[in-house]
Amino acid sequence: MRDLLNFFDKPKDPLSFDAVRVSLASPEMIREWSFGEVKKPETINYRTFKPERDGLFCAKIFGPIKDYECLCGKYKRMKYRGVVCEKCGVEVTQTKVRRERLGHIELATPVAHIWFLRSLPSRIGNLLNLSLKDVEKVLYCEAHVVIDPMETTLEEGQVLTEEALQAALNEFGPSFKYGMGGEAVRDLLKKIDPEYLSRKLRLEVKDTKSEAGIKKLTKRLRVVEAFKGSINKPEWMMLEALPVLPPDLRPLVPLDGGRFATSDLNDLYRRVINRNNRLKRLQELNAPDIIIRNEKRMLQEAVDALLDNGRRGKTFTGPNKRPLRSLSDMLKGKQGRFRQNLLGKRVDYSGRSVITVGPTLRLHQCGLPKKMALELFKPFVYNKLEEKGLATTIKQAKRLVDQETVEVWDILADVVKEHPVLLNRAPTLHRLGIQAFEPVLHEGKAIQLHPLVCTAFNADFDGDQMAVHVPLSVESQVEARVLMMSTNNILSPANGKPIINPSQDIVLGMYWLTRMRPGAKGSGKAFSSVQEAQYAFETGLVDLQAVCKVRINGTLQETTVGRAILSDIVPKEVPFNEVNVTMGKKQIAALIDKTFRLAGAKATCILADKIMEYGFKYSTAAGMSIGIDDMVIPAAKAPMIADAEKQVTEIQQQYDEGLITDGERYNKVVDIWAQTADKIAKEGMNAIEKQTFNVNGKEVVGPSFNPIYIMADSGARGSAAQIRQLGGMRGLMAKPSGEIIETPITANFREGLTVIQYFISTHGARKGLADTALKTANSGYLTRRLVDVAQDVVVSEIDCGVEDGLEITPIYEAGEIVQNIGDRILGRTALKDVVDAATNEVVVRANQEITENDVKIIEGRGIDKVDIRSALICQSKRGVCVKCYGRDLSRGATVNLGETVGIIAAQSIGEPGTQLTMRTFHLGGAASRAVEQSVHTSRYDGVVKLQNVHAVTNRNGKLTVMNRNGSALVIDEAGRERENFKLVYGAVLNFKEGDKVAKGQTVAEWDPYSNPIIAEVSAKIQYQDIEEGSTMQEQVDAVTGFATKVIMESKSSDVKPTVFLVDGAGKTLNLPGRDIPARYLIPVGAQLLVADQQEVHAGDVIAKMHREASKTKDITGGLPRVAELFEARKPKEAAIISEIDGYVTFGKDVKGKQRVIVTPEVGEQKEYLIPKGKHVAVREGEYVRAGEALMDGPTNPHDILAVLGAKALSAYLVDEIQEVYRLQGVGINDKHIEVIVRQMLRKVEIRDAGDSRFLAGEQVERYAYMEENERINKEGGQPATCSPLLLGITKVSLSTDSWISAASFQETTKVLTEAAINSRTDHLRGLKENIIMGRLIPAGTGLTSYKRWKVSVHEDDDIGFVALPGMTSSVQPQG
C-alpha cells in the first residue's frame, strides 16, 4: 500500500497496483502530506494578481504560478530547477505541482468529521455509547461530559448540563475530569480500546435476552469490530489538522471588469481560516469562556460546511443565494466526480453530426463527411505526408492540411481505407448502440447510415445525431473489426433473433415483388432459368406478379416471376420453399434467420444488402399511395351498432329492475361494445382483404391489392387496430386514470369524429404523451440499477461441476401455450440425459448444449419436461460458468470465457423498458380490453380426465367444481396430454371423467365477474350473526328500487356472519365424506343470494363476492411491475401463504382476525391470522400445499423463498417478469433474468453465529459463509447457520464487495464513510471499479490470459488483416 502523497509524485501506471484501500488519515499523516500551513484567508492580491503569502493560493506552499519561475522573478528557466528562492521562498519547478500539493490548517481545537458524526448510525456516538443528540451537545459546546470520573459515582462519558455539572461539583468537588467541545470527545475516543470493547460486547450479546437489546449491542459491535480489524484509531474521526485542496483544483479566475469567478471551496476554506484564527487569538487573550465556546461552535460548523454543506444546521449560501458546493457535493450525484468524470469521460478523436440515409452503402459501411474525417484522422494524415516526403516537419504537414491541397485528400482516402470507426447514438441502451463501420468519404456534412442498422441504434432520420469515434491502436482496430463491426452483430443479444430486420419501404417492396396476381400478364408461361424470367419481365412480356413455372436449382417450380428474381439472391443452402411465399415483415425476418443458421454470417450480410436494394427498387416501382376510398366501411356496420345499442338498453333495463348491480352493468356494457368493435373490425378486414379478379372471363377471388391492406398485411406500416379505426369504429376509449369510458366512439376517421368524440379521444391520448416522458427516465434508472447489480458477472470458468438445475416446461396462459418448451431450452445445457419416455431413446446427452435440431426432435416427440443447467444455481465463486450459461445468443455459439454476461443481461432487460407501459394497466389510448374469459373450449378431440377435482352434482345434473387447484385434461388417442385447463372454484363442467370431447366443445364455464360461495349439500339455510342493521344491510338501488342483501362490517369483533346448512330438524349437516360441519363464513361486501330457512340444492350459489370492475389483470403492469419485482418489494396486503402441506380448519378469532390452522398428516400444526374483511381463499377441510395462498392478494416473493426455496422463487420471478414483456411482444431470453435473480440471491442472513467471525443478523456473501463454515468444521467448532436472503437490486449494488463501485452508484457519502471506518480494500474485480481506476476491464480481451499476447501487422499482405488470439498467423505471445 502506498501513501497518497507519493501517489502524486509521477503518474502511476494504472496496472502497477492490485487493490485500493481507503481508511482514515491520522493528523500526523495530514501534516506529512502538507507542503505548509495556510495561515491567512487571503487569496490573491487584486492589484498584482499574485497570490498572497501564507494564503489559500500561496506560491511558497503550493508551487510557482509560471513554469520554472519563482514568484519574485529572481530565478527563471530550467537551469534553476529545484532551487528554493531565498527571497520569496518559492521552489522553481513546473506549475503542474499546484494541482498536486496539499496544504493544511492547524485547528485550534479538534473538530469532529461530520461524516462520522452525522452519517447514520453515528460512528462517534456508537463508540462512546452516546446518542447523536448528546454527542452534538458536547461538540457544539452546549453540555459537558465526564472524561474521567476518578473516585466519584459519575460514569465515564456521562453528559452533564450546566445545572447537573454545578450539582456534581458541589457534591464531589473538583475530583473528577470533565470537558466540553472537540477536545473532550477526542479524549474519550483516545481512551477506547477496540480489542477489549469487542470482547466485552460479545459477552454482553450472549447474556442479553431481549431482541431490542441484542440489536442495539450488535449495532455497536459492528463499529467496534471495524476499528478492531483495521489500522484506524477511533480518535482519528476528530480532525486536528485540516488538509487544504491543491489550488488548481479550486481555481480563482479573473473575469473582465475586475471581478473574479471562484470555486465555492475557497469561500468555505476562508470561513474556516477566519474562525480558526479568531479562536487562536481569543485563546491567547484568555477571553471569557462563553466567547470561546461560541467560537468553537462556529469553527465546528464551518468545518462541517466545508466537508458536507447542508448536512447539519443552516446551509451556507453564496452571494446568489445558492448553497455552496462542499467537498461531499463534489463526489455525489450525476454531476459528481464519480459519475461525471470517472465513469463517463469526453474523448479525443470524436465528432458528431446529423445522420441521413445511405441506401447505397453496404452493411459494413457508413458515410463520413470529408471535412470531419480530415479532422478526426489528422495525426495519421500528418504521418503519411511525412512518409511520402510531401512535408518534412509536423508544422509543414499542418500547413498543407490547413490549405486542404489535392494531395491531402488523396492521402486522407488512403488513411481511411479499412480503418474502422465507431458510430454511437445516444441513448446507448444496449451494446448495439455502438457499432463499427468502415468509413466511405463523401462531400456532404451529414453522416450516412445504413438503413438496416437503424433498428439496433433505434435511429430515424428526423434530425437524429450520432457521434463518431476513431479507434487508434492496432489492438483497438482489431477489436472494432472483429467484435463490433455491424456485420458481426446480426443477432440480438437479448433473444438471439436477427436484429437486422428490414422494415417499412423495404418490406413494402419485397411484398410487392413476391405477391401473386391472378390473371396477370403472361400467367402460365414456363422459363428455363431465373435469368430468362427476369429478361421476359424487363422486356414487358410478363408481369412481376404473374404465376409461372421456372426452373430453379434444377427443378421446375410453380412460382411467380418476382419470387424467382428473389430466389436468385438467396444462398443455395436455403431451400426454395422458404422463398416461395409472399414476403411480409415476419417472413423476411424468418428468411434472414434461416440464412444465418444455414449459410452463415457472411451470406446473411450479402443477402440483407440485396434485400435492401431490391426492396427500395420495387417499392419505388410499385408506387403505393392511399386514397380516402381505400378505407372501406363495412356495410354491416350500422345494423351491428344498432344491435349493440339494443343489448345495452336491455342491460340497462335489467339494472333498473334490480337484477344486476351497477358494477355488473358496467362490465357487461363494456364487454358488448368491445365485442361489437371486434366484429365490425373483422367485417372491415373481410371487406378489404379479398378482391375479385377477372381471369379469362371467369371470376377468381384472391388477396386484395388495396394499398392500406397491403401496408398492414406486409407489416410495412399500420396494423389491423389502425385499419379498424380508419374504416370500422374507433371503439372504447380509456380515461387517464385507466378506466374505460362506457360510451364508445362509433364513428371512424373516414366518417370523421363529432366534437364530443374528439374530446373523448384526446382525453386518454394526452395521458399517453405525458407517460412517455416519464417512462424514459424511469426505464433509464431501472437499466442503471440492473447494470450496477450485474456488472461483475463474467463467464469465469468452463464447468463449475454443479449437479442441480431447473426443470423447464411450456408456459400456459388460459389453457393456451404461450411459449413452447423449445424456445425456452434452445441453447441451454442439458442437466441430465433427455430421454423419450415412449422409446427410452436418449435425445440429448447430459451436459450437451441443446441445438435447433434437438429442439425439433424434443417437440416432435412431445417431451414437455426438460432439466437444464442455469446461471441461478451455478457454483462458480465469481461470475458464472460456460455450462450453466449455455449459448451466447448474439453469436449463436457457446459462450466464451470472459463474456460480460451480467451487463448483457441488464441491457437486454432494460433496453425494451421504454416500450413497456407506465400505466398500472396495459391498454392503449383505444381501450383494447380483452373480453373476460368465461369458458374453456377444447381445441382437440380426446377424452376428458379430471385431476385433483372435488365436485358436486348440481340441479341440472352437471358437476360444479368445489376446490381451487383442480384441472381438467384432454387426452388424445396416443395418451398424450393435449389440453390442461385450470378449473376455478364454482366452474360448471359439461363433461364427466372419461367422456369423449370433440374439438370446439365447451369443457367448463363460470362467471368471470364474481367469486361465488357454493352449497356442497342439498339442505335448508340457517343464518347465524346475520342481522339487518348490524352485520347485513339491504341496499336499495337508487335507480331501480330493488333491494340486495350485502354483508357489512360489524361494530363488535366477535360477530361472524355465517350460513349453516341444516336438515329438517335443524341439525347442522356435515360436508360430504368428512366430519366437518357445513358452514360458510360470509366475508364483508359479499351479496347474499339466499334467505333464511330457504331450501337449496348442492351446487347452488349461497353468496357472491364481486371482483373489481374489469380490473382483473390491471394491478400493476409494465415498468413499475418489473421494477417492483427486481426491487423485491413486499406488496401491500400480501397474501399469507401456508408453510406446510395439510388440512385447513378454522380456530377462534383473535382481535378480529380470523385464525386459520393447517394440520399436516404428521408433524405440528401451523396457525395463521388473516385480517378481518379479507376473503379467505380456502375452505374448511380443504387440503392445501406448502406455498398456496390462504387469502386473496398478491404474493410476497420473500415468502416464496422462505417456504419453497430459491428454485421456486426464481421460477416465479422469471414468469412474472416475462409476462410483462410478453404482453408488449418483447422477447427476452430467460437466462438474462436468471443472471439478475442470481445476483439478488447472493447473500445469506446469519441466524446463529456459532464460532464464526460473523454476527447474528449480519448479511454475508454466500461463498464467504460457506468458506467460513468449512474452516470451522476443520477446526471442530460449531458452524454458523443461515437463511437465504432475497435483496432488491439497489440493496445488492450498495452492499457489494467493491466500495468504489458502490460509491459510484448511490449514497456516495454513506458508502465512503462505511468503507473508511472499515478501511476496506477494493480488489478491483468488477468492471466499474476498473473503469474508475483507468484500467482495462477484466473481461473479454482484458482478461489476464490475453495480456501476454502482442498484436503485430504484416505489412507485406495486401489486406491489413489482423488476427486475435486463437488465430495463430500473426500473434506472438510475449515472455
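Cβ coordinates are placed from backbone N, Cα and C, and glycine is handled just like the others.
What Swiss-Prot records for this protein:
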BINDING   Cys70, Cys72, Cys85, Cys88  Zn(2+) 1 binding site
BINDING   Asp460, Asp462, Asp464  Mg(2+) binding site
BINDING   Cys800, Cys874, Cys881, Cys884  Zn(2+) 2 binding site
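Feature map: Swiss-Prot annotations on the structure.
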residue : record                : Cβ within 10 Å
Cys70   : Zn(2+) 1 binding site : 25
Cys72   : Zn(2+) 1 binding site : 14
Cys88   : Zn(2+) 1 binding site : 17
Asp460  : Mg(2+) binding site   : 11
Asp462  : Mg(2+) binding site   : 5
Asp464  : Mg(2+) binding site   : 17
Cys800  : Zn(2+) 2 binding site : 18
Cys874  : Zn(2+) 2 binding site : 28
Cys881  : Zn(2+) 2 binding site : 22
Cys884  : Zn(2+) 2 binding site : 29
Under a three-state reading of DSSP, tell me whether Cys874 (Zn(2+) 2 binding site) is helix, strand or coil. coil
Which of the binding-site residues Asp462, Asp464, Cys800, Cys881, Cys884 has its Cα closest in space to the Cα of Cys88 (Zn(2+) 1 binding site)? Asp464
Have a look at the binding-site residues Asp460, Asp464, Cys800, Cys884 and say which one has the shortest Cα distance to Cys72 (Zn(2+) 1 binding site). Asp464
Within 8 Å of the Cβ centroid of Cys800, Cys874, Cys881, Cys884, the other same-chain residues by Cβ around the recorded Zn(2+) 2 site are Glu797, Asp799, Val802, Arg869, Ala871, Ile873, Gln875, Ser876, Val880, Val882, Lys883, Tyr885
Zn(2+) 1 site, defined by Cys70, Cys72, Cys85, Cys88: further same-chain residues with Cβ within 8 Å of the Cβ centre: Ala59, Leu71, Gly73, Lys74, Tyr75, Glu86, Lys87, Gly89, Val90
Within the same chain, and leaving aside Asp460, Asp462, Asp464, name every residue whose CB is within 8 angstroms of the centroid of the CB atoms belonging to the recorded Mg(2+) site, in sequence order. Ile355, Ala459, Phe461, Gly463
Does Cys85 (Zn(2+) 1 binding site) have same-chain partners at least 6 apart in sequence with Cβ under 8 Å from its own Cβ, and which are they? Cys70, Leu71, Cys72, Lys74, Tyr75, Glu91, Val92
Pull out the binding-site residues from the set Cys800, Cys874, Cys881, Cys884 whose C-alpha sits within 10 Å of the C-alpha of Asp464 (Mg(2+) binding site). none
Collapsed DSSP category at Cys881 (Zn(2+) 2 binding site): strand
How big is the Cα-to-Cα gap, in Å, between Cys881 (Zn(2+) 2 binding site) and Asp460 (Mg(2+) binding site)? 39
Check: min Cα-Cα distance from Asp460 (Mg(2+) binding site) over binding-site residues Cys800, Cys874, Cys884 goes to Cys884
From binding-site residues Cys800, Cys874, Cys884, the one whose Cα lies nearest Asp462 (Mg(2+) binding site): Cys884
